[in-house]
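Colleague: Pasting a structure here, questions to come.
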């Protein structure tokens, strides 16, 4: 009964049953398990300031990252900090089944990467071993505004240098009521949301677009083999004048 919500009374009743050959396992339970779809595996994540590139500013309790071109944050030296690529990873490792959502803003010609990566990804070089989606140990969804249309984005997924384009969505997936008229550069900026679900037992990694009504639309699903003892975590790469925020799942 892992990943289910039996309630206290259910646990007591099942524990009292005389089942000689079965072991009752109720870990990874809770009220989230009553939610439909991947949201039943919802988890709360925070960004790790020890990994953030110095052009990335963290805020909102280490749940938001913004690219600050031309300004370096006074982060101390750390062996886990990304030295050249504008990336950051989360502090928490991803469990067997885990789902989270991230909201991001991009303006025309800008992008963000929403990624899942082996925690052992390289941090100090300029080569592909450091970049999300450019090695065998990371998978990334690239969200790029190349349409000049605030209601549409170009999506593609990357893994081990291989890119797969995702057909444009037929309906807008802008978060309602949060589209700013202009940012500091006079550009129109909108907020979008995506969901990510890691399922280690089935070897799948799924990316979803989240609509204004919180409907999930599958963008892409990777089928892969996650090494059992390799810790995975969420990661983000942020272009200038763009930001990503981890969402508080209710």
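Heads up, the Cβ atoms here are built off N, Cα and C, so glycines get one too.
It should be emphasised that the depicted structure is a prediction, and the values quoted were computed from it without experimental measurement.
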Colleague: Pick from 29-53, 54-78, 79-103: which stretch is listed in TrEMBL under region 'Disordered'?
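Modeller: Comparing 29-53, 54-78, 79-103 with TrEMBL, region 'Disordered' matches 54-78.
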Colleague: Reported in the order helix, strand, coil, what are the DSSP residue counts of the compositional bias 'Basic and acidic residues' (69-78)?
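Modeller: Each residue of the compositional bias 'Basic and acidic residues' (69-78) counted once, the result is 0 helix, 0 strand, 10 coil.
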